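> Can you read through this structure? Questions will come right after.
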Ligand code: NOJ
């Protein structure tokens, strides 16, 4: 293996080496990114494709559920299956590198890309990232965990500096990347933002000292698209591949994008950014994409400047060799240099029955039943009204680089109608909530006629009438989210809260099904009979919703992120989010998500880890098996099957210098299906980092004393305690 790479390195000319350090225009126009290879030496072209929710080329692919739906399953085995399916779809589309998974910690509930990420907790994040990476890599496709690191908001993402201390980085923001690297990721994508003043694409401490030297990462660090601000600085800092490596003009030309003047800031987007007073039907109103976009004209191109920098001695030749060696090593390892690769690599396949089934299974397994007064599951013959502004379309995902075009999709109405025995009524109720996307900025304005089209059907009266006549009213609501902008509010957009209130007043068996990128406000919570969080469910939206609502499948999901009123989150302070004077201060330190709610008086609406089953469970007989494993019995005490998600939280002894240690941290979890009356012994492996803390001087330290592990079905319901002495 190394022989091939060594031989190639000795034969490549300087110009050829540089050719392997940056992207170029894809000759076939199918890929998100492209490196042409070196034909003379049989180094093949390499194709890179987004993204975390499905493969994004110019052809359709399975539109899988959002990453938050996957992580809500609390089942990393499912993540591996998901990653393997993504890898097979990439192979079928001749792609060599997948630009995912996204795994930034959910620090800010408003972040426009939370649907591409896993959790507010590093252990959940790490286990899902590792599962997906392992699955992708098992197909011979290179996985690219992104965006390294502290890309926790989209507002000013291309310039904001995350001001965060080392301990917090180490304990919260870096572990997911570490786990992804340990799982075998062949590439890592740097983020757009700065960390403590330095762009991550040239952050030597992060890229070279931590990721490569300390963690032993021997893969490729690539930039995010146009996410470099220097040539010499990035090369010396540890960046190996500049993407897309071409100018914005060349990129847009290859994509045939209209309406752009080539500065990388689409003309329409510029117009929208300037137009804060766009009418209420303007889907982009309030979303300022320009603020989230990098400037592609700054930073310089490796294709133009790197060879000169090496010749001038500004970038050591050994560094250039290292950049090239890393890419070649990965190509060799993945069987792309003529060898066979070392995985049990499957054939490429797209839109198979297995992938369709998996897309639906993940949506079901991630669905979180937040509240239920007994209205769910629906009776087979129930007369159901299906209400909501977008009930006739599947919600595939949020906007931006993760958008996938599926072969098939099922809307809520189609899903419910296919399952319902009685004939129900359908009403839109309020104006449609438009999909928003970063790419809207590159499309000519179509005049917003969608809103007009809806007007006739969008009547609250029709929704109320439908609800009054039905046994049960299902109200499907949604948010709007996209890469390059953050949500302005956690309230549901448009008139959806009014719709819920009106329907709930007409029918006391009203069920709200929300499809969102993350937490949403529930001012009507007390007035409805059930609340379901379905995230962005992908192509199987309707069929997955029907399976859960009718109880054909148990809602397997638990919250990977705390739901609370927006003012109660630690990032409700402008200094922290979106930041002031170009800096977002991570002053909350370790107190992100449930760690914050555990030390304040503010009550979450729905705590981290919360979610109901249709069954009921008893937890008993917990004991420590060794100093990082606990075991307990879970019994299904109901007369129907269901899924329990066991969570174990570690409360470590106070450290002398450690005033802000969170009261408890998730150490491990397990998801298990139990038949009616079944009981089972469950083992939960606890992450070593949950016992420790990071000390800037001495690294990871476990304080001696009693570590109390409390176990239960959510972060706020932990009936069992086990003490582990260290
Ligand atoms: C920018 C996004 O931040 C990144 O996630 C994506 O992979 C690239 N664009 C390529 O589309």
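Heads up, the Cβ atoms here are built off N, Cα and C, so glycines get one too.
Annotations in TrEMBL come from automatic prediction, not curation.
So TrEMBL lists these for the protein:
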type	residues	note
COMPBIAS	262-272	compositional bias 'Basic and acidic residues'
COMPBIAS	273-285	compositional bias 'Acidic residues'
DOMAIN	644-715	domain 'Fibronectin type III-like'
REGION	253-301	region 'Disordered'
REGION	334-354	region 'Disordered'
> Pop the mean pLDDT for the domain 'Fibronectin type III-like' (644-715) in here, whole number is fine.
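Summing pLDDT over the domain 'Fibronectin type III-like' (644-715) and dividing by its length gives 93.
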> For the domain 'Fibronectin type III-like' (644-715), jot down how many residues DSSP puts in helix, in strand and in coil.
4 helix, 41 strand, 27 coil
> DSSP helix, strand and coil counts for the region 'Disordered' (334-354)?
2 helix, 0 strand, 19 coil
